[in-house]
C-alpha cells in the first residue's frame, strides 16, 4: 500500500532533465531543443524548466566524466565539504541539488522528469523509487492507459532501506523515462519522437492534477530488483561467455529455473540455477559492463495505489 504524502497543492515547479548520461541522446537533444524553444513545455498552470544535466559528459558524448551522475545524489556526496579533487559529477550533483532541491526540503522542485536511454530491450520503461510514491504511481498508470500499445512497464529501483541516489530524487516527486533499445551516442528518430510524446503526456497529467481531476484508487503491477547477475568470467576477470540468445532481448519476460542464461565461449550453455522465476531487466546493457552486471533480476508484484485528493482548480500563475 502506498503511504508517502500526496501533493495537496498544485505542482508549479517542474523540471525536465536530459543528458544525465551524456551519451543517451534522446534526452540530450530534447533538452538542447527545449533550452532554445521552451514553449512546448508550457501548460496553463505551470511551465516546466528544461535542464541539460551533465554538460561535460554530453560535450564528450560519454556516459560520465569521472563518476556516474545518476548515482551521485546521496547525502554523503551532497553534504560533504567541496574539495578541488572532487569528481566533476559530484560537483555537478551539488549544483543540481541547489537548482532543483535541496533534496528532502520544502524548497525542492515539485516534480522532476529525467530522460534516459538504454541499449537493452526495455521498450518504454517507467522508473520510480518505490510503490509508496502515490503521485508517480498515478502518473505511471495514466501513461499505461494512454499508450496501451507501448506496454509501459514500471520498475521500482529503490531497495528497502536504501538511500535514493538518482537525479529525480532531489525533487518532492520524480520519475525517469527509460527508452530503448538505442545504442550509446546514437539518436533514433522513433525513440526520440516517442520520448517527446511521453514528456508531453506527463506534463498534461500534471496539468490535469492541478486543475482538480479525480484519480481513483487502482491496482498496480510493477517490478522490483532482487539481485544482479554478472557475466561468467575467467580467473583473470575477463569474459568467459556472453548473454545466451534465448535470453537476449527478453527484458521483463519470466526466466524459469534451468533456462539458459549464458553461452560460454567454450561452447556449453550456463543455466539459471535459481529456485524461483525472476524477470530479468537491463539485459546486456552496455553501460553495466563496467559494473559487472549482465542483467538485473526482478520480481513482479501487485499493490494498491490509493486515490489522490482532488485539488481546487488551479488558476494560472499569472492570474
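The backbone N, Cα and C atoms fix where each Cβ goes, glycine too.
Just so you know, TrEMBL annotations never went through curation; they're auto-generated.
Feature annotation from TrEMBL assigns domain 'Succinylglutamate desuccinylase/Aspartoacylase catalytic' to 11-206. Positions annotated as Zn(2+) binding site by TrEMBL: 21, 24, 116. Annotated active site, proton donor/acceptor per TrEMBL: 178, in sequence order. TrEMBL lists 219-300 with the feature domain 'AstE/AspA barrel-sandwich hybrid'.
Taking Cβ-Cβ distances under 8 Å and a sequence separation of 6 or more, the neighbours of residue 116 (Zn(2+) binding site) in its chain are 20, 21, 24, 27, 70, 127, 176, 177, 178, 179. Helix, strand and coil content of the domain 'AstE/AspA barrel-sandwich hybrid' (219-300), in residues and according to DSSP, is 3 helix, 35 strand, 44 coil. Comparing local CB density within 10 A for the recorded positions 24, 178, the maximum falls on 24. Taking the mean position of the Cβ atoms of 21, 24, 116 as the Zn(2+) site, the remaining residues of that chain whose Cβ falls within 8 Å of it are 19, 20, 23, 27, 63, 70, 115, 117, 118, 178. Each residue in the domain 'AstE/AspA barrel-sandwich hybrid' (219-300) has a pLDDT score, and their mean in this model is 98.
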